[in-house]
Structures are given as C-alpha cells and as structure tokens.
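Colleague: Starting off with a structure, shown below.
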Amino acid sequence: MNIKGSPWKGSLLLLLVSNLLLCQSVAPLPICPGGAARCQVTLRDLFDRAVVLSHYIHNLSSEMFSEFDKRYTHGRGFITKAINSCHTSSLATPEDKEQAQQMNQKDFLSLIVSILRSWNEPLYHLVTEVRGMQEAPEAILSKAVEIEEQTKRLLEGMELIVSQVHPETKENEIYPVWSGLPSLQMADEESRLSAYYNLLHCLRRDSHKIDNYLKLLKCRIIHNNNC
C-alpha cells in the first residue's frame, strides 16, 4: 500500500516513533517544542504526545521501584507500610474504568493536573537526597532525574490541554502537600529505606493512574469514546 500523501502517513509515523521511544526508553519529544506561550500544536497531537510521555514516565517509575526493591528491601516487609500511605491518597480518584468514565471531564482533567503538581516537590527532594547518598546507585539516580524533568513537561502539556478544552478554567493551585522529607533524612537506615520505598511505591502507583486516565480522556475527547 502506498501511503505517500495519505492522511494515514502522519498517524503511522507517530505510532512508529512512539513505539520506538518506549522500546528504547528514550525520552519523547517535547509536548510543545516552542514553549507553552507559542504552542501551535493541535489538541489531538497534544494528547498523543501526553499519552506517550505519561507511559514513558510510568515505565521509568516501575523500573526505578524494581531496582530499589531488589537492591535494598529484600525481606524487609515494607509493602505493608506503604499501602494507603501516599500523600495523594486524599484525592478522590476513580478506582476502575467504569468510575473513570462516569467522571466529569473538567474534574478529570483537574485531577490529573493536581496529581502532577503534587509530585513537583517530592521528586525534587528525591533527586537531591539520592544524589547525596554514599555510593548512590547511578541507575536509580538517573531515572529519578529523568522522571522529575519529564513530569514537569507533562504538567506543562496538561495545562495546555486544559486551556484548549476548557479555556474558561482558572488555574487551580490546590493539590496535596508532601511532608515526607524528614523521613528521607532519618539517621536510622531501616526507617530511611522504608520512606524511600514508600515514595517510590506511590510514584509508581500515581504514574500508572495518570497513564490510564490520559488514555481514557483521549478516547473521550478526541475520539468521542469510539475506541
């Protein structure tokens, strides 16, 4: 089939590039290369790029959690302490696809933005604290740095999406505040490692939620639920 000049060409190229990025764990292109103030990207493309970026962040979060778990937490039983102890647990989030589909579109977008904003501070301190560790594992540090950077980009992209879908929406600065820094700095190694485990567990959980939520929203807004 000759796709030259076909309307499928752009979509096919985007799919190929997206798959290549995910397989190679290479950072996706910026959601809006010219910056938010001069963004000329269509809503469809904004969603396409946001979905690729959120999936990339979730993959990195899962890999970082697995590496930390294998290196530091074998047999310590941290998982029992991590359940329901995330700083974002106060947010009312859909528990399954059915609940998500019933959620108001505007509230759904605001929820994603709130989750992303709530991770700005913990990701900054995660990078700072891991960098200061003796014999800091490079695999974990490099992923933490990348996740922090890409989460900021995803937040910028989501703010652009909100401005296009609901231009009347005022910026909402209300989001859960993280207070876990003292726990990452504890002198007791067991307590400190437990705090790191909890933070990485929550990051993996929330990045998975955002990844799923964005796919559902893209289906609803771009494809009118026909996907």
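The backbone N, Cα and C atoms fix where each Cβ goes, glycine too.
Note that the structure is predicted; figures quoted are calculated from it, not measured.
Below are the features listed in Swiss-Prot for this protein:
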DISULFID  C32-C39  disulfide bond
DISULFID  C86-C202  disulfide bond
DISULFID  C219-C227  disulfide bond
CARBOHYD  N59  N-linked glycosylation site
MOD_RES   S54  phosphoserine
MOD_RES   S62  phosphoserine
MOD_RES   S118  phosphoserine
MOD_RES   S163  phosphoserine
MOD_RES   S194  phosphoserine
SIGNAL    1-28  signal peptide
Colleague: Can you tell which of the recorded positions C86, S118, S163, C227 lies nearest to S194 (phosphoserine) in space, using Cα positions?
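Modeller: Of all the candidates listed, C86 is nearest in space.
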Colleague: How many Å separate the Cα atoms of S54 (phosphoserine) and S118 (phosphoserine)?
Modeller: 15
Colleague: Taking each of the disulfide-bonded residues C86, C202, C219, C227 in turn and counting other Cβ atoms within 10 Å of its Cβ, which one has the fewest?
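Modeller: Counting other Cβ atoms within 10 Å of each of the disulfide-bonded residues C86, C202, C219, C227 gives the minimum at C227.
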Colleague: When the Cα of C227 (disulfide bond) is compared with the Cα of each of the recorded positions C86, S163, C202, which one is closest?
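Modeller: Nearest in space to C227 (disulfide bond), counting only the recorded positions, is S163.
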Colleague: Counting only residues 6+ apart in the same chain, whose Cβ is under 8 Å from the Cβ of S118 (phosphoserine)?
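Modeller: Spatial neighbours, sequence-distant, of S118 (phosphoserine): H87, T88, L91, Y175, P176, V177, W178.
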Colleague: Please report how many Å separate the Cα atom of C86 (disulfide bond) from that of C219 (disulfide bond), as a whole number.
Modeller: 28
